[in-house]
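Presented below is the structure to which this report refers.
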Amino acid sequence: MAGIRGYWALTAAAIAFRLLLLLCFPKDLHLGSRPEVATPLTSLRRLAEGYWLKQASMSPYSGSMYHGSPLLLSFLGQLTIRRVEGRPPHFYCSLMFVVVDFITAILIRATGQKLLLSRHKSFQVLNLSKLVEASGIVNPGDFASLVYLWNPLTIVTCMGSSTSPIDNLMVVMAIYGACSRIAPLAAFGWVFATHLSLYPMILIVPVILLLGYGLDAPPSKLFLHKTSDASSSGALNQSPDNSGASRLTDNTIHTFSWVQVFHFVLWVFIWLCYVLLLSSISLKDVGGLSEMFRKTYGFILTVEDLSPNIGVLWYFFAEVFEFFRNFFLIVFHVNILFMIFPLAIRLKHRPCFLAFVYIAISSMLKSYPSVGDSALYLGLLALFCNELADMHFSFFLFCGYIGVSLLSPVMHNLWIWRGTGNANFYFATGLAYACLQTVLVVETTLGPSNHPFWWRWTTPSNLLLPFPLFLVRVRFLPDDEDPKIVEAQPSSISLPVFHFGALLFGRDSLVPMKCPKPSLRGLNKPKCIKCGNVARSRCPFQSCKSCCAKAENPCQIHDKRPVSSSISVERPSDDVFTTGASWRLNSLRQHLPVFYGQRDLLPGRMQQI
Amino acid sequence: MAAEAGDGNPQPGRRPRSRLIVRLGALVVARSVLVSVVCCIAGSIAFLLLPVLAKNTYVSENALMPGSANPMFSSHDVLEANRFLKEIIDRGSAKVTGTEIAKLIGQHVVDVGAELYYHKFHPHGNQFHPIHFFSSITSTMEMQYNSSCTLFGLNSVGIIRAPRGDGKEAIVLVTPYNSQNIGQSEALSLGLAFSIFSLLSRVTWLAKDIVWLAADSRYGEYTAVDSWLKDYHNPSFLSNSGKIGTGVCFEENILHLLDQLKVKGPRYNIFKRAGTMAAALVFKVIDKNEKEERDSLTIYAEASNGQMPNLDLINIVHYLAVHRQGLRVKIGSVHSLLKAAWLKFVGEMVHLFGKLTKHLNPKWKIDITSAEYVEGTATLASSIYYQALGVPTGSHGAFRDYQVDAITLELSPRFSLNNENNRSAFLLRGGRLIEGVIRSINNLLEKFHQSFFLYFLTAPHKFVSVGVYMIPFALLIAPLPIVAAALFSGNDSLGVSTEKVNQEPGCIGSSDAELRSGSWKWLQAAKVVFMIHLWAIIVSLLPYMLSQFPFMTPITLLLVWAALSICTLLIFYLIFGACSTHCGWELLKSVMIAAASIGLSLMSVINFSTAQIGAMLIVPMCLLVQPLRKQMQAGVCRKAVLVICNLTLAVVGFPPVALLIAKGLCEGFGKAGVGAFWELAQLLWSWNSATYLYLLWIHLPCWVLCFHILLYPCIGRSSKA
């Protein structure tokens with residue numbers, strides 16, 4: 001739980017580094033003209049042009065130069081025209097972006113601390129706090145904010161005279177507001193982020209989930225199980241600890257606080273009116289709101305500007321026939337919307353993570369992406385550093401990001417300045433970048449062992465099983481874990497869902513379609529000779545734990561903890577690891593070796609239980 | 001890469017049938033040693049076979065139509081050239097002021113009816129710009145003119161406006177001459193250029209403007225051409241605050257200068273322009289005094305950073321020279337390779353192999369004699385060397401920076417030029433050649449784009465295209481990611497079992513706790529690699545500070561540079577070295593290899609030849625390196641081989657040594673002193689060569705890390721590996 005040593009020193013160093021870059025390289029860094037950094041939407045040079053047009057009593061949108069918000073014009077316009085001799089052209093703006101970056105980092109840190117607290121709380125509820133201590137935990141807030149501040153992409157964006165730092169701040173503000181359940185702040189962040197760059201609109205789902213359900217927690221079926229265990233044991237023991245826990249559990253999962261959501265909607269309405277009012281005042285004599293909508297959102301949605309960027313859309317729409325343009329515009333934009341619903345179902349209990357996934361997906365598929373978007377989702381990714389400690393491909397992704405970010409300017413140089421390359425050279429790096437982002441999203445969301453460990457031991461090995469299936473399974477799961485009953489039920493329900501999952505993710509999704517049973521894990525394990533259930537491979541009597549216990553075999557494996565509900569009732573109630581917890585631990589002990597390949601990996605304390 | 005490594009070892013029982021591609025990847029990673037040996041050998045063989053795979057060149061752009069029209073350059077023009085030559089020689093011997101010849105050229109150009117102006121420039125030393133490569137050309141405008149006013153050169157420029165053109169395109173002819181000390185051959189090249197120029201002013205078919213630049217090569221050809229091009233593309237405004245110094249200087253001198261020139265007509269100091277340049281020809285006459293059968297033409301094409309002009313330009317020159325004018329076309333080759341016995345042996349082998357394949361299938365045409373092979377290899381080696389150096393081989397290099405295709409043509413006569421008849425015949429051939437080339441380019445409708453930009457020449461009429469020469473390189477660096485993945489995955493499975501051992505060392509603080517878990521352990525190694533690369537960047541910037549002290553000999557500078565570098569390295573070790581030993585050398589090697597492969601692939605895009613030569617040094621070094629202590633545990637024979645290989649590679653791979661060896665092989669071991677490397681480095685950075693950056697940002701850190709791994713103290717699990 002301890003924070004990172006020297007956090008403030010490192011933060012100050014990051015700020016100082018930015019200032020140093022700002023002061024030492026007055027002219028050599030032409031970052032603002034790089035297509036990776038400044039897009040037509042975020043370029044500060046275009047903003048200066050729009051401001052100039054507006055000062056000349058013309059519509060800032062005339063001439064297809066500026067496509068941002070009119071509020072930014074009033075906000076940053078003054079700063080763009082002030083010049084200092086011997087400094088970069090947008091010196092004051094860059095200074096402001098340094099401050100904005102700092103605020104974003106602080107908000108990310110606060111969000112991370114909230115996440116950590118909620119994680120501890122849910123572990124306490126599940127009686128797993130020892131497990132938490134066993135695995136070292138980094139403070140995700142400190143870590144993520146440092147990652148955000150020191151990410152080269154963030155630094156480049158900050159220096160590169162683009163307005164993406166402000167967009168990022170608004171998104172982070174929305175998430176922070178929702179995490180700390182401050183409805184006005186969340187609504188403010190969401191409305192402004194949507195107003196500035198449109199794509200954060202889809203963040204309304206995680207924000208409402210955050211406000212309704214609270215922060216990321218293990219899936220609710222664990223709590224359900226816990227509740228049923230606690231009630232069965234608590235009926236006899238009347239332990240204050242258990243009943244308190246169960247009450248807490250009830251509070252944690254069952255309530256969806258409509259009041260908060262209602263507050264949020266109300267505030268969204270207020271802020272929306274406010275933004276529209278301000279915009280219309282700002283554009284009163286020059287154009288109007290309709291032109292603003294056409295030139296900002298219309299510009300984003302119709303992909304008018306085909307100048308190269310790191311995305312994939314410009315190349316496609318430069319090639320596509322005019323007849324099919326509208327069709328493919330719809331296809332590309334629906335692509336993002338298509339992801340929203342299944343991901344929301346799947347990650348309902350982890351709204352913060354859901355927000356990260358949404359941001360990553362939209363920054364991959366948006367019409368004018370820049371490295372600023374990557375900086376944001378990489379920063380948010382670091383919030384889940386504890387959950388992702390076992391992530392696959394981390395090294396591959398790291399090398400890939402470095403390679404692509406170095407190769408992209410070289411290819412651009414080869415195409416534009418040397419003339420020996422062509423557009424395909426540059427587009428190739430864009431494709432590679434998109435692939436990398438896909439791998440990142442898939443690995444963080446769906447990768448086999450990348451889930452927090454409660455996923456590991458509550459879900460079967462195939463992780464593409466969608467959420468409703470678990471729900472069904474948990475409902476039918478009796479206390480002594482008899483998979484036979486379970487397996488009979490859910491296949492008919494799950495089949496369409498599998499189709500959906502296969503369409504969406506296409507990754508190993510054919511496996512569950514052929515055999516949509518949840519208990520794949522039992523297939524290659526030794527069976528109990530008595531009841532046919534899964535048995536421990538090392539049990540000399542080839543029995544499952546319940547049969548072993550019933551027969552009272554002198555078994556080395558199962559005798560350690562002969563668990564059954566009938567015995568555990570008689571145990572003293574002050575033992576933390578009774579009943580539900582013991583069930584979980586047993587299944588944990590069963591499944592962890594499967595995931596790690598070796599039994600020795602279990603933390604020492606777990607083995608002594 | 002690591003993706004394969006990740007899924008490479010599916011845990012037994014969890015997923016009995018993983019995907020085919022995953023299993024294939026796992027197979028490749030598991031057999032990484034075999035794969036890397038096979039790939040390296042295949043890459044070397046394919047590299048040696050490049051001269052065999054070279055194809056004949058062909059004119060790809062149909063619009064060029066070389067040689068379709070009869071040449072108009074006649075004996076009348078030859079007479080004119082001779083007359084001009086005599087005048088120049090008279091003036092040159094009479095008075096050496098530097099402006100006499102410019103005045104003469106000016107008068108003749110005006111007489112012909114073309115536009116004339118003089119371009120005055122100040123020679124500037126090339127400066128060190130490590131970041132310069134990525135920045136656009138416009139930033140070169142801010143070059144500092146700190147030289148004194150008295151140092152200047154004077155280019156004379158004549159422009160013919162095309163009767164059939166719209167003035168949007170131009171062809172540039174460049175003849176460099178030394179205005180202080182003009183020789184007969186330079187005078188002859190000026191005469192040739194003028195006769196062509198006067199012919200072109202009379203023809204009716206011109207669709208592009210003709211610009212004739214008589215470049216004053218008093219301070220070097222390149223400087224003159226480069227500063228003219230810079231002014232041509234970047235209009236300079238005298239009111240600009242940055243240029244006031246130059247402006248004043250210019251104004252002071254210009255009156256004096258014009259008095260000297262005494263050319264009648266409008267003001268000749270106004271810079272005039274003529275559209276975008278379609279192509280540029282730099283030509284000069286060299287009297288080599290070598291007895292040959294025919295007049296010969298040498299083509300130089302390499303521009304900065306290994307860029308080449310479009311192959312079509314070389315094609316038309318070659319076609320016209322060989323098939324119309326009967327000249328002998330040469331390109332540079334490495335002479336030491338021409339006599340190498342081992343190369344002859346390889347050539348014989350290739351010849352035998354070709355015969356064998358012809359027996360098997362008559363359609364396979366690997367038909368090359370041993371002599372052809374040796375010649376092709378020597379030419380290819382020179383082509384690769386000059387591209388890798390990144391320094392242009394002539395003033396045509398300046399054009400390439402502005403995306404203009406340009407080559408240098410060096411004409412040398414068969415007999416001495418003093419003989420009038422021989423000279424006339426020679427001039428006739430040269431004039432017709434250049435006229436034909438100009439007429440071809442004049443036919444162009446677009447820029448040169450049809451043919452190749454990325455190629456090597458193995459003979460004037462044979463080339464190896466990018467699709468072919470990438471194959472050996474790809475084979476050579478393919479083992480890098482595979483071995484990195486193998487090491488990484490091997491370490492992954494190892495790390496799980498020894499995790500508890502790893503928890504004891506105190507290096508990992510609570511903040512780095514997540515590093516303990518297997519997947520992110522590589523971050524420690526990445527930190528070390530990153531630090532070394534950071535050190536390398538600092539080292540590469542040191543010469544910039546050192547060159548501020550002007551009065552130091554190269555040897556002193558080199559020694560100071562080396563001492564400072566070692567000091568910084570030691571400081572880095574003291575600060576960050578404590579953590580470096582805890583991550584295990586396999587992981588360190590894996591990250592180092594990944595960094596090297598990224599660097600090599602990046603360099604192959606920027607300057608392929610550098611990457612190719614670098615890969616031949618780095619790849620074996622990276623693949624073979626192992627801690628010496630671990631090598632000691634192997635068997636005697638294996639141990640000896642490993643240690644010798646490692647040490648040899650560590651010596652050869654050291655960047656200065658590698659650079660000196662490459663230079664020595666291609667240009668001959670002349671005066672190889674300690675200061676030579678400093679001069680070489682100075683040459684590289686003064687030409688903004690990406691090779692300098694490659695050597696110091698990729699090669700040097702890789703070498704240091706290899707050395708670090710060689711001396712790695714094998715403790716704990718590393719010895720178990």
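Quick reminder: no glycine exception, Cβ is built from N, Cα and C everywhere.
Just so you know, TrEMBL annotations never went through curation; they're auto-generated.
Sequence annotations record features per position, and here TrEMBL assigns transmembrane segment to B:24-50 (among others).
Marked as transmembrane segment by TrEMBL: B:466-488 (among others).
The transmembrane segment feature in TrEMBL is assigned to B:525-545 (among others). Outside the transmembrane segment (B:525-545) by six or more residues, the chain places 128, 130, 557, 561, 564-565, 568-569, 572, 576, 579-580, 583-584, 587-588, 590-592, 595, 681-682, 685, 692-693, 696-697, 700-701, 704-705, 708 with a CB less than 8 A from a CB of the stretch.
Within its own chain, the transmembrane segment (B:551-575) has Cβ neighbours under 8 Å at 531-532, 534-535, 538-539, 542-543, 673-679, 682, 704, counting only residues six or more beyond its boundaries. Look at TrEMBL and you will find B:551-575 (among others) tagged as transmembrane segment.
Long-range contacts of the transmembrane segment (B:587-606) within the same chain, counting only residues at least 6 positions beyond its ends with a Cβ under 8 Å from a Cβ of the stretch, are 1, 133, 305, 470, 473, 477, 480-481, 483-485, 487-488, 491, 521-522, 524-526, 528-529, 533, 580, 612, 614-615, 618, 622-623, 625, 690, 694, 697-698, 701-702, 705-706, 708-709, 712. If you look up TrEMBL, you'll see B:587-606 (among others) marked as transmembrane segment.
What TrEMBL records for B:612-628 (among others) is transmembrane segment.
Summarising the annotation, TrEMBL assigns transmembrane segment to B:640-662 (among others).
Here TrEMBL flags B:692-715 (among others) as transmembrane segment.
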- Item | Best-contacting stretch, by C-beta pairs under 8 Å, relative to the transmembrane segment (B:466-488) and drawn from B:612-628, B:640-662, B:692-715 | B:612-628
- Task: State the non-local partners of the transmembrane segment (B:612-628) in its own chain: residues 6+ outside its ends, Cβ under 8 Å from one of its Cβ atoms.
- Result: 36, 40, 44, 47, 384, 388, 469, 472-473, 476-477, 479-480, 483, 585, 589, 592-593, 596, 600, 603-604, 642-643, 645-646, 649-650, 652-653, 658, 662, 694, 698-699, 702-703, 706, 709-714, 718
